[in-house]
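J.: Sharing a structure below in structure tokens format, with a few things to ask.
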Amino acid sequence: MNFDTRWTALRRLSRIHAPLCWQRWLTDRASLTQHLIQASEGHFRVEVVRQGWARPTRSEASALGISFRQLALIREVRLMGKEQTWVYARSVIPASTLTGKERQLNHVGSRSLGSVLFRDPTMKRGPLEISRLSLPEDQSVWARRSKFYLSGKPLLVCEVFLPALEQVNYRP
Ligand SMILES: C=C(O[C@@H]1C=C(C(=O)O)C=C[C@H]1O)C(=O)O
């Protein structure tokens, strides 16, 4: 999945004409994990695709204010509802964020990153950006990203909403 795409600030959502069925998913600022747990009636799990040190994309590095030459902790997961992949998520955590109590972010494992972020009293969330990612066979999907700050230190979370989620009778 190509995450080096053009992102549009949410305030310009009208310019990207996201279909109504996706707008609530794209714009809700509460924990996506909590919504997926409800939508799946508890049949929710996180499948870690990869987690390790790698270079962020130029767009991610720019969003985080770090050099794209600097390694960051990259975590990619599938968020599974009723054994279907509903969301593909990619989080980029700079080494400078993984200090102090934030070192725990490297040990989330198959728990949801959101369960750590939304429990932290220092957590702040930055503005949402929206994009349309191209997939093979002319498919495309809607995605969003935003920065989270724990103890003032940033990480970038990108969430791609996959077609199977559209069939689910639940909206945030
Ligand atoms: C930020 C959240 O955490 C979710 C869980 C993720 C993970 O476990 O890697 C990544 C992105 C999110 O969709 C959330 O629940 O809102």
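First residue shown is number 1, and so on along the chain.
For all residues, glycine too, the Cβ spot is worked out from N, Cα and C.
Heads up, TrEMBL stuff is auto-annotated, nobody curated it.
In case it helps, TrEMBL gives these features for our protein:
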- ARG75, LEU113, GLU159: substrate binding site (BINDING)
J.: Applying the rule Cβ within 8 Å of the centroid of the Cβ atoms of ARG75, LEU113, GLU159, what extra residues of the same chain belong around the substrate site?
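T.: Other same-chain residues near the substrate site: GLU76, VAL77, ALA89, ARG90, SER91, SER112, GLY114, VAL157, CYS158.
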J.: Would you work out the biggest C-alpha to C-alpha distance among ARG75, LEU113, GLU159, the residues that bind substrate according to the record, and give it in angstrom as a whole number?
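T.: The span, Cα to Cα at its widest, is 12 Å.
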J.: Compile a sequence-ordered list of residues in the same chain as LEU113 (substrate binding site), six or more apart from it, whose Cβ lies below 8 A from its Cβ; state 'none' when nothing qualifies.
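T.: Non-local contacts for LEU113 (substrate binding site): ARG75, VAL77, ALA89, SER91, LEU105, VAL157.
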